[in-house]
Amino acid sequence: MQIEKKDIRALSKDQLRDFFVINKDKAFRGNQVYEWLWSKGAHSFEDMTNVSKGTRQMLVENFVINHIKVDTMQRSSDGTVKNAVRLHDGLIVESVLIPTETRTTACVSSQVGCSLDCNFCATARLKRMRNLEPGEIYDQVLAIDRESKLYFNRPLSNIVFMGMGEPLMNYNNVIKAIDMITSSEGLGMSPKRITVSTSGVSKMIKKMADDEVKFKLAVSLHSAVEEIRNKIMPFTKSFPLPELREALQYWYHKTKSKITYEYVVWKGINDNKESVDALVKFCKHVPCKVNLIEYNPIDDGEFQQASPESINAYIKALEANGIIAKVRHSRGKDIDAACGQLANKEI
């Protein structure tokens, strides 16, 4: 029976060093291989030109490098780029490059499909197949960084975990990927340029705070009225608003990092005074800002963008209470790359 080889990128640098020592080689070989895997983005052991042929053969016999492949790439009329990324087992996720005049942002996926069941999101209609490995997350960023340099002549400036999946339900792998992205041996990006978005997994928000992470936190809130929130995001019955509020207060107490609430206003759902007042009240519990996001409809038409007047009612109420609020217009709608639209048909 053939033994399945392990993805070498699942090993830490210390584990790689130990592997070489156990196999009667020098520990520094682990450093060389680690640099090839992360700093240089090697997809094959044959790429490792300063490693001896015998050592490369030993690696081939024991490990694989499970790298991703950009299957298809689409460019929007507004400059947005969407990648359909094929994983080593044939599954596909999507990632997006969002350019503006001052920055280029990578929107990356953390799961194949999604663990949650938000009724307004196309990704949530996909069955969750599996979590992404740290290397698969890292490779999405690497691919978008290359595209940013190619198309916009500048490196990637920001990363948001707002693609397919709930990042906090793949917590360990997301953290490992971010550690490599921010490491001098990886991309060397500041954690302050990284935002992890969650739909409100309270216990994991507390864990992040305890782990003293340095990246930013965004919460897809969409309603501060429990009944409405439970209807549009059924899983939130397990994470009620008082529990979420407590977790966010704990986060701010530990990190002193302001929270961003992501909020879509829908016609006939949360475009009413009760919802506006509830959001204002919820925002007063912890320093925050609110992004009011343009809705990107999916096929069935159940959810519709609220009127500009309804959105302005939110802005006026929030600003009157000293809360920063901005309307975020979606990018890449013509290629289904906008928020809530990622749902590759091949999955």
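Here the Cβ of each residue, glycine as well, is placed from N, Cα and C on the backbone.
Of the residues Ser190, Ser197, Ser275, Swiss-Prot places Ser197 in the same S-adenosyl-L-methionine site as Gly165, Glu166, Ser220, Leu221, His222, Asn296. When the Cα positions of Gly165, Glu166, Ser197, Ser220, Leu221, His222, Asn296 are compared pair by pair, the longest gap among these S-adenosyl-L-methionine-binding residues is 19 Å. Of all the recorded positions listed (Cys107, Cys114, Cys118, Cys121, Leu221), Cys118 has the fewest other CB atoms within 10 A of its CB. Here the candidates are the recorded positions Glu94, Cys107, Cys114, Cys118, Cys121, and by Cα distance the one nearest Glu166 (S-adenosyl-L-methionine binding site) turns out to be Cys114. Most Cβ neighbours within 10 Å among the binding-site residues Ser197, Ser220, Asn296: this distinction goes to Ser220.
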